[in-house]
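Chemist: Quick one: structure below, then a few questions.
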Amino acid sequence: HNSTFMNGTGNLMDFLDEPFPDVGTYEDFHTIDWLREKSRDTDRHRKITTKSKESYWELIKSLLDAWSGWVVMLLIGMLTGTLAGVIDLAVDWMTDLKEGVCLSAFYYSHEQCCWTSNETTFDDRDKCPQWQKWAELMTGHSEGAGAYVLNYFLYVLWALLFSFLAVSLVRVFAPYACGSGIPEIKTILSGFIIRGYLGKWTLLIKTVTLVLAVSSGLSLGKEGPLVHVACCCGNLFCSLFSKYSKNEGKRREVLSAAAAAGVSVAFGAPIGGVLFSLEEVSYYFPLKTLWRSFFAALVAAFTLRAINPFGNSRLVLFYVEYHTPWYMAELVPFILLGVFGGLWGTLFIRGNIAWCRRRKTTLLGKYPVLEVIVITGITAVLAFPNPYTRRSTSELISELFNDCGALESSQLCDYVNNPNMSRPVDDIPDRPAGPGVYTALWQLALALIFKIVITIFTFGMKIPSGLFIPSMAVGAIAGRIVGIAVEQMAYHHHDWIIFKNWCRPGADCVTPGLYAMVGAAACLGGVTRMTVSLVVIMFELTGGLEYIVPLMAAAVTSKWVADAFGKEGIYESHIQLNGYPYLDVRDEFTHRTLATDVMRPRRSEPPLAVLTQDSTTVEDVETLIKDTDYNGFPVVVSRESERLIGFVQRRELTVAIKTARQKQDGVVSSSVVYFTEDNPQVAEACDPQPLKLRRILNLSPFTVTDHTPMETVVDIFRKLGLRQCLVTRSG
């Protein structure tokens with residue numbers, strides 16, 4: 001009978017294929033064992049390699065297996081790029097729908113509508129007869145108080161409709177689609193399992209509701225959720241290949257690369273995406289994953305470029321044309337912007353976490369739909385009167401980043417021109433600010449206060465909400481205000497010592513757009529605590545290669561200032577708030593304790609639940625499983641000498657006993673379970689048939705001695721990704 005199982009070779013692979021379904025998978029909300037996943041993959045690989053020497057067919061199969069990783073990356077990149085393009089186009093159209101509609105073709109956004117028109121002049125690019133605001137369409141009047149009120153009312157109405165649709169879809173179909181998704185993805189990549197978080201429904205609903213949420217004019221971005229969407233795509237394609245679907249460790253490598261593709265299309269920054277995945281989201285990041293992420297980000301960027309959602313044949317959102325040099329003295333305002341970014345990051349994290357905690361503990365959490373609608377209503381009512389908050393946030397950022405050329409018609413560029421000055425087009429000297437600039441500054445100051453306050457309440461509601469764009473907007477507004485102030489100072493006081501050596505009268509020496517860029521980087525860094533990837537994303541986003549040093553200065557300053565008030569970034573804070581198990585690689589562990597002080601059970605608790613190698617009955621095992629909720633049990637020689645033999649997983653034990661009771665005759669409640677190589681001696685013929693479970697026994701569980709310092713133990717858990725560790729004394 002014994003020979004039907006393998007004869008005592010405790011090889012992992014043999015039992016994985018043969019007798020049990022479901023072995024090696026994990027329960028929901030459990031942590032995976034990275035070591036085990038790794039060894040299973042090595043075994044699978046070895047098996048394929050030995051087989052491939054047997055026949056040509058097996059050789060082809062082994063080649064296909066080697067290629068499957070790159071195929072998955074290709075598919076992820078293509079799908080992510082397509083989804084991002086569709087989201088961009090839909091957001092553009094729906095944002096403009098709140099203000100008016102295109103008569104020549106209703107599915108055109110404002111910009112597309114006026115492209116096709118013949119009547120536009122360069123000065124009035126935004127006005128063309130085909131594009132009509134709602135009031136004009138309904139009453140025929142485009143100016144006047146009545147038209148303003150009607151436009152205002154319809155703007156708020158559309159915003160409420162969009163956000164109501166978004167929150168309802170999330171509530172009914174995919175509760176996991178809310179929020180930014182990055183905290184959960186960090187947790188999942190560190191080895192935790194949340195079933196359904198990356199499922200097909202989540203993917204579909206998140207894509208649709210993301211468009212609705214961003215178009216509703218709420219203070220949120222699409223960048224964070226795009227990472228979640230990309231990871232859903234990664235999970236979707238993993239299920240097509242058994243190499244990834246059956247191995248949680250390998251699946252996480254693919255998800256790391258998918259996160260890179262997500263950032264790559266969110267910002268049009270492929271290298272920034274790879275660095276973001278490496279610095280911010282991933283936990284275990286081998287070199288192979290680095291190349292794969294690079295490839296996935298590349299494919300995704302190519303696909304997005306083929307769709308060309310912005311119509312300017314560029315990937316980047318906020319392309320800047322200016323290349324004026326910056327001067328050493330300007331580092332002072334840059335560093336001040338860095339300080340502002342750090343302070344705003346601290347304020348935002350504290351305020352947002354406090355508000356989210358209230359949402360969890362009070363009645364507020366019971367009415368998610370009402371909360372979203374109230375916040376949308378407040379946002380829309382306050383946003384419409386101010387032209388800077390009325391438009392979509394990314395349009396606002398792109399205007400703040402731009403420099404005032406000779407052809408700019410924006411209010412920010414209403415400077416007083418010197419009439420008798422010959423004007424070269426690209427290099428306009430500093431000029432005194434006109435009335436339009438002062439109006440714009442007032443509106444920007446109000447917009448800044450509005451954005452700072454409303455973002456704290458918006459992030460974390462039950463709709464998809466990213467954080468990158470609102471934080472960049474706060475920084476860009478602050479930066480532009482500082483930039484204009486410095487520019488006017490340099491103009492009016494060019495004989496001061498600081499301006500003397502680099503600011504001659506009639507030269508263009510201060511670029512306000514650059515200050516906006518630096519401010520945006522500083523604020524984003526203060527909230528997320530990114531450094532390297534942040535700078536790379538910023539210069540890929542704007543194409544401003546000369547400005548790496550100012551960006552680095554601001555990013556480092558903002559990180560220092562923010563770290564002085566608290567070590568966690570916004571994502572780590574949300575992980576802690578939700579209570580996910582996450583051992584941060586960056587945390588310092590300072591306790592001077594030993595493994596004995598931390599191990600369970602404690603002295604006062606009941607003794608450790610163990611199995612013996614050849615004296616436990618099936619009934620004993622079943623009672624043990626029923627009475628405890630541990631994930632596994634150590635196997636010892638006997639109750640008297642508790643020397644360790646190995647470790648057995650709870651799930652595999654249950655499956656094995658269930659299967660044995662169904663398939664194997666003679667196994668009853670009083671059968672002895674044994675984990676040794678050879679049969680225990682059956683005393684008489686009437687004794688029930690014993691059950692051999694050596695094949696599910698892990699013979700090399702990870703052990704430390706009782707005097708190991710806790711720092712080492714924590715390091716072992718972090719670096720090897722253990723699920724449990726046994727503490728022994730002389731075996």
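The chain as shown is numbered from 1 upward.
From the backbone N, Cα and C atoms, a Cβ is placed for every residue, glycine too.
Pasting the relevant annotations from TrEMBL:
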- 599-663: domain 'CBS' (DOMAIN)
- 67-91: transmembrane segment (TRANSMEM)
- 152-174: transmembrane segment (TRANSMEM)
- 194-214: transmembrane segment (TRANSMEM)
- 254-278: transmembrane segment (TRANSMEM)
- 290-307: transmembrane segment (TRANSMEM)
- 327-349: transmembrane segment (TRANSMEM)
- 369-388: transmembrane segment (TRANSMEM)
- 440-460: transmembrane segment (TRANSMEM)
- 467-486: transmembrane segment (TRANSMEM)
- 514-539: transmembrane segment (TRANSMEM)
Chemist: Apart from its near flanks, which chain residues at least 6 from the ends of the transmembrane segment (440-460) lie with a Cβ under 8 angstroms of it?
Modeler: 179-180, 218-220, 344, 347-348, 351-352, 355-356, 359, 375, 378-379, 382-383, 386-389, 396, 411-412, 414, 467, 470-471, 473-474, 477-478, 480-481, 484, 570, 574
Chemist: What else in the chain is close to the transmembrane segment (369-388), if you only count residues 6 or more beyond its ends and a Cβ gap under 8 Å?
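Modeler: Residues packing against the transmembrane segment (369-388) from afar: 151-152, 155-156, 159-160, 162-164, 166-168, 171, 216-219, 359, 396, 411, 440, 443-444, 446-447, 450, 454, 457-458, 461-463, 477.
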Chemist: What stretch in 152-174, 194-214, 290-307, 514-539 has the biggest tally of Cβ pairs under 8 Å against the transmembrane segment (254-278)?
Modeler: 290-307
Chemist: Please spell out the DSSP helix, strand and coil residue counts for the domain 'CBS' (599-663).
Modeler: 24 helix, 15 strand, 26 coil
Chemist: Excluding the flanking five residues on each side, which residues at least 6 beyond the ends of the transmembrane segment (514-539) place their CB within less than 8 Å of a CB in that stretch?
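Modeler: 263, 267, 269, 271-273, 275-276, 278-280, 320, 322, 324, 326, 333-334, 337-338, 340-346, 348-349, 397, 400-401, 467-468, 471-480, 482-483, 486, 545, 547-548, 550-552, 554-559, 561-563, 568-571.
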